[in-house]
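Let me begin by presenting the structure, written as structure tokens, before commenting on it.
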Amino acid sequence: MTATALLAGLFALLLLRVPVAFALGGLGLAMLVAAGASPLAVPQTVLSTLDGSLLLSVPLFLLMSNTLLKAGVGRDLFAAAHAWVGHWPGGVALATILSCAVFAAVSGSSVATAATIGTAAMPEMISRGYERRFVYGLLAAVGTLGILIPPSIPMIVYGFVTGQPVIDLFLAGIGPGLLLICLFVAFAMLHARRSGVRPGAPAAWNERSQASVRALPSVVLAAVVIGVLYSGAATPTEAAAIGFAGALVVAAGVLRSLSWKGLRDSVFESMATTVAILLVVCGARLFGEAITLYRIPQDIAAFVFDAAFGPLAFLIVVSAVLLLAGLVLEALSMMLIVTLVLLPSALAMGFDPVWFGVYMVVLVECALITPPVGLNLYVVQALARVPFADVARGVLPFLALMLATVLALHAWPGLALHIPHRM
């Protein structure tokens, strides 16, 4: 009964458009006070939440991403990929997918990936004769790679909240990320053949070399950040610091495309996003303390066990909850709420917490492109200035591919766990 009332109250606050951080924190505070806890414990809880080096990686990764974004790195990556594969069947679409994958490795943001690459790729694909709905759907879908391919902000926060090693989560995202890229590439090439899109002429070697020279510093930076993370040579926070320092060198020293205004905007945008993320994390911490005190996760786990839920039925419920939560919540908030409430049940069902985190990230990706509220759909609509229905219809085949990845994760957990278990 308590769990039902709590979740109903939270849902009501969200429907009233109360900011997620205040809905979680306010509800958690009210529950703690009702249970007899001192309000003075709240500042201590908030300070203990923020007093950790792991969360410091969030603003540093955001600074790296925004600095490269303001320097026009997305255009450089697309130009280089297009110069090398643009003459293949479906070449412009392939260049879009590849450049999104590389940019995702330095952004950690779905929206930034879709918007940055979309600005360069959309006019080129349309001019080459690609069906407009396919273009819109592709850009919305490949943008989601930004929260699956490391460094992923949702994975960092999930690791912080659950105590799981962030490196293991990053490693576990490699398999599903590569599978998604391969599925997108295969579908793009098949669509190009069926729709009769003719590949362009191969780029001249001097054009390829010039484009590669512009893109190479960003690719090297992404490789360095991922390399020091996966090798264990640096913690996520240290890797983020290396990434930000490298981004400044690349943007201002090598490419010379970062202005003082761009740097200032990058800092302010990173600060605003960081504050929003940390507010949600602090609110989630208070909410988590409250539901733990009331033993709500344990009660839900007991209900799942008594109801004889099988693993498949439980995952179907989790999937439905995340997709429905996407109607009113952004990616990080829905992940935190579901993690706090359902992770104990997942552990009781025998699911690996690292696998469960990656599973939720892929589902959150699906929510980001699920009509009618998928955030990436609105990003692409704003870029294209077309009716929302065109974007929503175009994304459906890609949503099917992403749901197939969800099924593959369930059928073969090693898709996510093989690499971290071997390292």
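Each Cβ is built from the backbone N, Cα and C atoms, and glycine gets one as well.
A TrEMBL annotation is a machine prediction, not a hand-curated record.
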Range annotated as transmembrane segment in TrEMBL, from 4-26, 211-233: 211-233
TrEMBL annotation (transmembrane segment) - matching range among 79-100, 101-122: 101-122
Top Cβ-contact partner of the transmembrane segment (270-288) among 101-122, 134-157, 169-190, 300-324, 331-351 (pairs under 8 Å): 331-351
The transmembrane segment (300-324) and the transmembrane segment (134-157) contact flag, 3+ Cβ pairs under 8 angstroms: no
Per-region confidence, the domain 'TRAP C4-dicarboxylate transport system permease DctM subunit' (8-414) (mean pLDDT, whole number): 88
Long-range neighbours of the transmembrane segment (331-351), counting only residues six or more past its ends (CB under 8 A): 7, 10, 20, 24, 110, 147, 153-154, 157-158, 161-162, 277, 280-281, 284, 287-288, 291, 296-298, 300-301, 304-305, 309, 311, 314, 318, 321-322, 325, 357, 359-361, 364, 367-368, 375
